[in-house]
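Peer 1: Got a structure here, written out as structure tokens. Questions coming.
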Amino acid sequence: MAKNCIKEPEVKQTSEAGLADVVACQSDICFIDGDNCRLVYRGYNAIDLAMNSNFEEVAYLLWYGCLPRITEYKAFLAGFTGSMALPSNTVMILRMFPKSVTPMEVLRTAVSSLGHWDPDSGNTALDASLRKAQRLTLRMPLLIAAHQRLREGNEPINPIPGQGIAYNFLYTLKGKVPDPKIVEAFDMALILHADHELNASTFAARVTAATMADIYSCVTSAIGALKGPLHGGANMEVMQLIEEIGTPENAEPYILDKLENKVKIPGFGHRVYRCEDPRVAVLRDCAESISELAGEGKNYAITREIERVVLEKTKVYPNVDLYTASLYHAMGIPTELFTPIFAISRVVGWTSHILEQWSNNRLIRPRAEYTGPRDLVYSPIDQRTR
Ligand SMILES: CC(=O)SCCNC(=O)CCNC(=O)[C@H](O)C(C)(C)COP(=O)(O)OP(=O)(O)OC[C@H]1O[C@@H](n2cnc3c(N)ncnc32)[C@H](O)[C@@H]1OP(=O)(O)O
Ligand SMILES: O=C([O-])CC(=O)C(=O)O
């Protein structure tokens, strides 16, 4: 076996590690006031939007920079529902994945493949890029639902024209008309996840966009970054944690043990917020009401206990992923779809940032501080002592 020459780094983690607090670009899309717990999309409070708007309208806002007037909105929705169905080639690809492949991996591969059959493929004009962003937004939920149905031995079904993304995701997943209260809560969750400034996946999308790669490559990069448990993957880890804990009474000893062993608790902590993430309160309420509706209060009760113990012990606040776990579970959604659902929403933010990057582009290429050796002398292979 090869001997590893790479030494354990002696490196201290500086405050700049992970580019903390580094301002890497200017953006008109999303403002996070991390000290005062505010989240703003294009000037509008994201919580107000979640309470009063819908995901399609918020998508319009993020892409076009303003809320639509009624005629603009109708025209936008007509185009949106027109490009609904999945290309048959994509469905064929979905049928080919081995059973062991996770939905997030399927999403990554299938989104990349969608680019091959996009009618605007190769067209980099702004209107074509917007059409691609909208096709991605419509097709990603269909893709996730179709793959899940295939995994469960069912055939994919077509969405209902004229219905929104939240409704059609739930409909094409379950094959039955969803409860309006569940559609409403799901739509709110989509709004609340739609953008979050330069989070890791959006940054990945912008880095790829800055090389002038195509939009499908940018979104594929973003999906890869979202998958990790320090980012979007945390919502699935929260559900696993809830299941391991099992009962509200077990939450305290379980969490205290993890904290003593310096294990980070999924669903807590954030690079930007120094207070409670404003999205948490809305999602907490949604999780409570949908759990009640579904008659399964246990997961919600365990989550409340986890929150109490972590806050008391560490003063680290919950993030957007904490309550989505019990919320989506109460909606009857399988855990492995939680992170793909994050992507269904965040694709709007990613594509808005990609378009913004292209509107004033410069290659993103930072430097690394070199800490390795410098003046080693090459020796032939048979004369090496190490
Ligand atoms: C959609 C999203 O991406 S939201 C984030 C989703 N990710 C998670 O929920 C995973 C769990 N959380 C984490 O791993 C981190 O909080 C991150 C990755 C989100 C942010 O990381 P960073 O900004 O680098 O924070 P960092 O790790 O330096 O934490 C700062 C302090 O808070 C503590 N802390 C942060 N998160 C947690 C946590 N989840 N559980 C317990 N303590 C935590 C750290 O131990 C550290 O304490 P110290 O200063 O005493 O050493
Ligand atoms: O902003 C971040 O670092 C993480 C993120 O995507 C979010 O909280 O929605």
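For all residues, glycine too, the Cβ spot is worked out from N, Cα and C.
Computed from a predicted structure; not experimentally measured.
Under the heading active site, TrEMBL lists H270, D321.
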Peer 1: Count, for each of the active-site residues H270, D321, the other C-beta atoms lying within 10 angstroms of its own C-beta, and report the residue with the smallest count.
Peer 2: H270
Peer 1: In whole Å, how far does the CA atom of H270 (active site) lie from that of D321 (active site)?
Peer 2: 11
